[in-house]
Amino acid sequence: MSTLFLILFVFSHSLCVLQTQGLNSADEVNDSLTYLWPLPSEFTFGNKTLSVHPQLSLVVGGNGGNSSILRLGFDRYKAIIFKNSHGVSSFDRIRGRRLSYDVTKLKVVVHSDSEDLQLGVDESYTLFVLKKDGQSIVGEATIEANTVYGALRALETFSQLCTFDYGSKSVQVYRAPWYIRDSPRFAYRGLLLDTSRHYLPVDVIKQVIESMSYAKLNVLHWHVIDRESFPLEVPSYPKLWKGSYTKWERYTVEDAIEIVSFAKTRGINVMAEVDVPGHAESWGAGYPNLWPSTSCKEPLDVSKSSTFDVVSGILTDMRKIFPFELFHLGGDEVNTTCWSSTRHVKQWLEQHNMTTKDAYQYFVLKAQEIAISKNWTPVNWEETFNTFPTKLNPKTVVHNWLGPGVCPKAVAKGFRCIFSNQGVWYLDHLDVPWEDAYNAEPLEGIDDVSQQKLVLGGEVCMWGETADTSDVQQTIWPRAAAAAERLWSRREATSARNGNLTALPRLHYFRCLLNRRGVQAAPVTNLIARSPPIWSGSCYDQ
């Protein structure tokens, strides 16, 4: 891949470099900026305009060229690119006009035939968009990637290069030739979606997954159950379903499998969460014995072996649905007060010479053992690390959320970490502006290179107390895109310096791109996220 890039670079002409000027007005997009989101690692461009054939064809190569994921992806992006284009117009047909196009084929070379999607899968790619004029070594548009998932990321970039011109009624690529070599900065780029506080229909979850692919996010953290509701079917313990809000607000096993499959075709893993021992009151609607008592419904009863039988049964059934290597076991906000005030639990604690803190540790470690026995790597919220760091399984991935400074402590002790500082990346915090989300740095406070590698990446969290189908996308976007560029693009290319001149106009543009694709993304510069525009005006005037 690198050899091809260098050869093309040598033969390139009229190339420009990224400049840093702002958006002058809503009706005048500054062409000196590169309106690709997230910003690629390396790119050059020229000053030519190329037309793209409305019947753009796919040519494949490499061991993975025949992947169904690739072909589905091509068809999906072709529909996006040519949404406004209907081929040769009737007027041109009447005149007998024959149109010629600069780009008629998209060649995609995928070297590996593996479709295994796990943490750290190779998402790198190169993309070249050239005019076939006899001077170029490679004509038209070419994508080269090691895996089909890298090819998907390249298709997204290619789709953003393609713009519908209303004057000519054709799709054009401006500032060609383009030479892009790209790869993500972090392996884990996540979005948490909470379907316990408010139920989200399967189609809405799919819409969120689709929109994630536009920003190159690659992990959906599905916080499917919590104390408020238990909407997921568990065949081993069918009465758990009684914890759903209503019989219409549930997910079957088939629903979950469909969501995982849908996500995979977009290069997105689904990490499920079973939050124990707290956040589990809904479990007792079907199995009251899981509650310590009717007046103490949380945390789960630590004194009964049957409690862990249920945990094991849930994880056994979930392992058949979720192939991703990471599984989230929660462990946050555990108030153990009622354990010590419930007679049989208190007796059990005394018999085992345990404090409630010891019992909390016991429960978390036992749940980890169950998950590891099913070939999962456990992820836990940071309270587990804050409370008993020396006892956690070394495989544990610590998930930060309470504030800054946790990942530096975790990686210093050899743990891997996911960054989700609630002050900047909790999307339900509506007063957090886009620039705070954009300027957040997962590696802040970590200078040692070997420790930096232990930070898997980060995740924005869409907690659902005030978000349902009516407003979930407006709350996610566009602030999730700000974090997505931080997680994908090189740090030096996305520095805080001159962010209002360089990043903000591009984020305005990306928000409008999301809108054109049917994503209900709110204006960027709202005082309170997801609020509507305050008056009439262009999408780009936000």
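Yeah, the Cβs are placed from backbone N, Cα and C, and that goes for glycine too.
Caution: TrEMBL annotation is automatic and unverified by curators.
A quick note: this is a predicted structure, and the numbers were derived from the prediction, not measured.
Look at TrEMBL and you will find 36-161 tagged as domain 'Beta-hexosaminidase eukaryotic type N-terminal'. Across all of the domain 'Beta-hexosaminidase eukaryotic type N-terminal' (36-161), the predicted model scores a mean pLDDT of 89.
Per TrEMBL, domain 'Glycoside hydrolase family 20 catalytic' is recorded for 186-490.
What TrEMBL records for E333 is active site, proton donor.
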*Run through the Cβ atoms and count how many others sit within 10 Å of the one on E333 (active site, proton donor).*
13
*Take the domain 'Beta-hexosaminidase eukaryotic type N-terminal' (36-161) and count its residues per DSSP category (helix H/G/I, strand E/B, coil), listing them in that order.*
34 helix, 38 strand, 54 coil
